[in-house]
């Protein structure tokens, strides 16, 4: 059973001012002193553990090797389809972003060139504002249709892979609004990227494609009853998220590591292969179509991802140039430190902006969110235009500029970046360095900083970095689909190029390669913002296609992460915390082992019996918000009298006795099996053992325990003996634990009328198959929406065939670190706490293992001591 989510009991406290910090933590409210948002209780957990009940066992019994192989083959086909569809989504976004961006810049550039001579630049600004405001308005409207489509989507997918069910995050409507919204956001000139939303889009494709149905398209349904569980869905979402990374950066290995590093708590070798295969399918699908569309040469595979860094190489005329040397590592470490500081500053400012929006923008009508997006677009457009016109410097064009090159290699892509330079407001043979950065797509601006043969003045780079830093920080979090990878890379690349210029101009290090410093600066700033290490290292290596950059990128990212972690968390973790999502970290602190399972469990339980009347089940489901209920039986002193007079209690007692495993009963089974052993000596031993016992059919084991007054625990003190004053509750368990039954399972049983009358045997109850039990997944009907008028409230439901009879359990004395590791690695939703005599004494859910809850319990533990 669950508490307001998956927890256990929602208690009503007094006024907010009188609540203790522990109560605030438990209730998931804001701690006024620290101004922190504590985890909310309305988030449900996904259940990665198998419910091994009778319907599931029936599937296993009917599953032979051929069926298992076909089942696995279908998984591989679906994984491939997810990768292909994710690549096509990326192609759709990229095609229309290029189309709208080229149209906008072509019109505005023509107007600027014409108005520079006529003095009508205000008209050019109005044209640019018209394009940008229109695109951003459409993007904001799409975010209003599906609010979860706003932002990058990485925090939500990280939560899903961590085991938290975020409402609406993997719906078809979400991916439609996300894909269309992000192309309008990027085309509208906002400082956002399309790579982050690709990860969210891929995850949605992974969640929806294997289901072959959608709530948005109710009329389109296929009879495909497979993969209808949280376990399968999470695996496909992991593959889809990795495919999104692979499509965005052309980095299938980096996508696989991203899915592993950023979210998935459960991983195995088979899942690794499937995720890598899906990433490869996405990368080559996007590569195939982009190369064919852009170059007209189908099958050339020249553009692996949405963002290509090009080929890094020194000029053939400069014999002293090297991509990097051992001496440069010292500068890279310093850049990592600065990148960590800048990233921590970025995250701190963005967190304050997000809190301001939560208090002053989100509670107001939705139109206010649209107006905020338009205000950001207006400000960004004016700043870009004015900065390009006033702050830019006219730089001499490089003599090595190439044009008209139609070859298809990545080398030519990097050499041909000079063709995108802008000559706004500058005389012939010169270009405007600020306009070259601002009046190009962000990907082109990154290539300019990585590979431009000419130079950017330190003043221009400093102003560009400052303006881009502030505007991208303000932009991330508004109500439009937006990514953060590309703005962070561009901002960091400007920082790295600035460092290279300063080293060349003031220290005289002419041999350094500016593109390498731009790349390291991009890695330092991005690492300082998102705090990713393993996956980001591989992504950048795959994007540059230069394995020699592995060491400097890895060192820079590690230093940036360590520096930033000293001040705050990564940007995605910050936004997860702001949403109040109960995300579980990789492990608990050492001090948490001072707590045991009994210190953090929820002891207030609502339970059901193996055989329960419909009226009782309906009452429990309607008056609680729990998502799982322990199935228990009680011990009674006069059980034989009840068994004679009441069929319902008799069924429960019979089930309890058949479920209790005793050492005597187990020894009797083994002795009987040993009688058939050919050794005469063993047969004699069995005969002697059985002769000393009463016949099994005449023996009541539970009554024998009562008469002999066996104690539930061994005698720990030799000088003490069991007291005759002990009560029955002290000697024996009052509630014998038999399993867990989910709310969704109970609602399905009631909805389908699975029950039997008191005059009948429980064997007459209808049986449901596994496909019938999971038919309504993932949106099971609500108990308040069911029409139960045709059911007799006195009818009985036998829940034992459908409960999980063997869930993971822990002892009350289990250390918190062990509880945490079991819960997280196995992807559990509920963890019952069962004592040494089989009595369920509490239950642990995700909310009992959050950092905030554990800290509150630890403080309470110290106060008790």
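If you go along the chain as it appears here, the first residue is 1 and each next one adds 1.
Cβ from N, Cα, C; glycine included.
Source: prediction; values computed, not measured.
Listed ranges 292-316, 367-391, 392-416, 417-441; the one TrEMBL annotates as transmembrane segment is 367-391. It is 175-192, from the ranges 175-192, 193-210, 211-228, that TrEMBL records as transmembrane segment. Looking at 148-172, 323-347, 548-572, 573-597, the range annotated in TrEMBL as transmembrane segment turns out to be 323-347. Checking TrEMBL for transmembrane segment across the ranges 19-38, 39-58, 459-478 points to 459-478.
Counted over residue pairs 6 or more apart, the CB atoms of the transmembrane segment (175-192) and the transmembrane segment (121-145) come under 8 Å in at least three pairs, which marks the two as touching. The stretch with the most CB contacts under 8 Å to the transmembrane segment (271-289), chosen from 76-101, 323-347, 459-478, is 76-101. With a cut-off of 8 Å on Cβ pairs spaced 6 or more residues apart, the transmembrane segment (367-391) and the transmembrane segment (323-347) reach fewer than 3 such pairs and are scored as not touching. In terms of DSSP helix, strand and coil, the domain 'CBS' (803-864) has 28 helix, 13 strand, 21 coil. Proximity of distant same-chain residues to the transmembrane segment (515-541), defined by a Cβ-Cβ separation under 8 Å and at least 6 residues beyond the stretch ends, is recorded for 245, 249, 251, 253-255, 257-258, 260-262, 309, 312, 323-324, 328, 331-332, 335-336, 338-344, 346-347, 446, 449-451, 484-485, 488-500, 503, 547, 549-550, 552-554, 556-561, 563-565, 569-573. Long-range contacts of the transmembrane segment (121-145) within the same chain, counting only residues at least 6 positions beyond its ends with a Cβ under 8 Å from a Cβ of the stretch, are 100, 104, 107-108, 111-112, 115, 173, 177, 180-182, 184-185, 187-190, 366, 369-370, 373-374, 376-378, 380-382, 385, 389, 478-481. Tertiary proximity for the transmembrane segment (459-478) is limited to same-chain residues at least six positions away from its ends with a CB under 8 Å from its CB atoms, namely 140, 150-152, 190-192, 342, 346, 349-350, 353-354, 357, 369, 372-373, 376, 379-380, 383, 387, 391-393, 433-434, 437-438, 484, 487-488, 490-491, 494-495, 497-498, 501, 571, 575.
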